[in-house]
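Record features, source Swiss-Prot:
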COMPBIAS  278-304  compositional bias 'Basic residues'
DISULFID  Cys303-Cys369  disulfide bond
DISULFID  Cys332-Cys401  disulfide bond
DISULFID  Cys336-Cys403  disulfide bond
CARBOHYD  Asn91  N-linked glycosylation site
REGION    263-304  region 'Disordered'
SIGNAL    1-24  signal peptide
Amino acid sequence: MDALRAVAFYALFVFLWSLPCCQSAALISQKRSKGARSAFDGQRSHKFLKEILASSPGASRRDDFKDPVVPHDYMISIYRTYSAAEKLGLNASFFRSSKSANTITSFVDKGKDDLTLSPLRRQTYLFDVSTLSDKEELVGAELRIFRKSPGDVQPSPSGVYNLHLLSCRSERPLASRSIDLQDSRKAEWEVLDVWGIFKHRHQENQLCLQLKVTYGKSDTEIDLKQLGFHRHSRTQQERAILVVYTRSKKRENLFNEMKEKIKSRGDDDEEESALQFKARRRRRTALNNRHGKRHGKKSKSRCSKKALHVNFKELGWDDWIIAPLDYEAYHCEGVCDFPLRSHLEPTNHAIIQTLMNSMDPNSTPPSCCVPTKLSPISILYIDSGNNVVYKQYEDMVVEQCGCR
C-alpha cells in the first residue's frame, strides 16, 4: 500500500511539471484527443508504475492485505463534515486546543477479550501506531470506546461511575471521566482525552491501554461486562478507536512526501536516480508535446480557467483512496498577450515581459498562464499500516488564473 501511494504521488508530481509554460499546479486530465501524444499514455503509464512497484520492497506486502479495510463511521462523518465546509467556502481546518490540524488518523483496537475472565475487571486495548511520523506535530488525541446498553450492574448510590484509563506497563493513570447511568442507560460512545499519553510514549510502535471502572469513592472495580464494555458480539464499527490529530510542521509538498516514502522503504540511491531520470525524460516529452499544441487554434484563447476532471478510480488509486473518487481540479490555459487584462492580476514583471515579447517575440518569451489562487480538498484514504486517514491537501483546486 505504501509503495502504491508513493508511486501515485510521484506520478502526480511528474504531471504537474508537464503543464504549459510554468508547470502550473493542476492534476492529471483524463480527457485528451485520440491522436495526441501524452507523457502519461495509458500503456506507458501502466508500464512505468509496474516497473517501480516490481522493484519496491513494499510491493510484495501489498498482496498481504487481503482483508478489505472498512472505514469507521466516525471517520466518514469527519470527511463529510469538512468536505462540505470546503464546498461552502468555509475554513475546513478543524482544531484541537488553540492549534489547527490537517490530518486525522484512526487506529482500530486489535485487542481480544479473555473469555475465561468472569467478571471482567480490566479491558485491554492494543493499537499499532507505528505509522505516526515524528515530522508531524501532535495536536490532539482521543480514545473512543463504545459502551453497549448496560445489564444488571452493581448499584451506585449516586448513579455515577468512574472510568479510569491506565498504562499496561505501569498502571499509571492516564485519563479519567465519569458517566451517569441513571440519566443514560442507552448505548453510546465514551470519549477520553489521551493527548497526554503521547508525551510518555517514547517512539513505541505499540500502545497498550487498560480500562477499569469504579463507583463513588470506592476502589472496587466493577464488572465491565455488566457495564457494556466487553467485546463479545461486537461489529467492526463498534470496536474502540484511537483518533490522533496532527499538523504538518511545514507546508506539504507532494513530491517531498513521495521522496520520504521511497526512503522509508529502503530503496537505494541507484533506484532513486533511475526514477529521477525517468521523471526528467517524461517531463521533457510532455513539455515538447504541449508546446507543439500551442500553435493550433486553442493557443489563440486568452488565459483563463478550464475544466479538468480528475477520476482517481480511472487512475487506479481507488484501492487506497476512499473518498472522493473524483473531483474537479481545473487548470489554467491560454496566452498572455499585450495588453494584459486587469482580471488576470498580472505582476509588474509580467507586464514588462509581455510588452517586451510583443515587440520582439524571438528575444523574450511570453508570460505564463498559471494558477494565482488554489484551494484544498479533503481526502479519506488508507495508509501503509491499513489505518484510515483524513487529510486536507492544499493547492488541489484552481480557483483563479493569471499571468506571471
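Every residue, even glycine, has its Cβ placed from backbone N, Cα and C.
Spacing of Cys303 (disulfide bond) relative to Cys336 (disulfide bond) is 6 Å (Cα to Cα, whole number). Here the Cα atom of Cys369 (disulfide bond) is found 5 Å from that of Cys403 (disulfide bond). Here the Cα atom of Cys403 (disulfide bond) is found 10 Å from that of Cys332 (disulfide bond).
When the Cα atoms are compared, Cys336 (disulfide bond) and Cys401 (disulfide bond) turn out to be 11 Å apart. For Cys303 (disulfide bond), the count of additional Cβ atoms within 10 Å of its Cβ stands at 27 [all protein chains shown].
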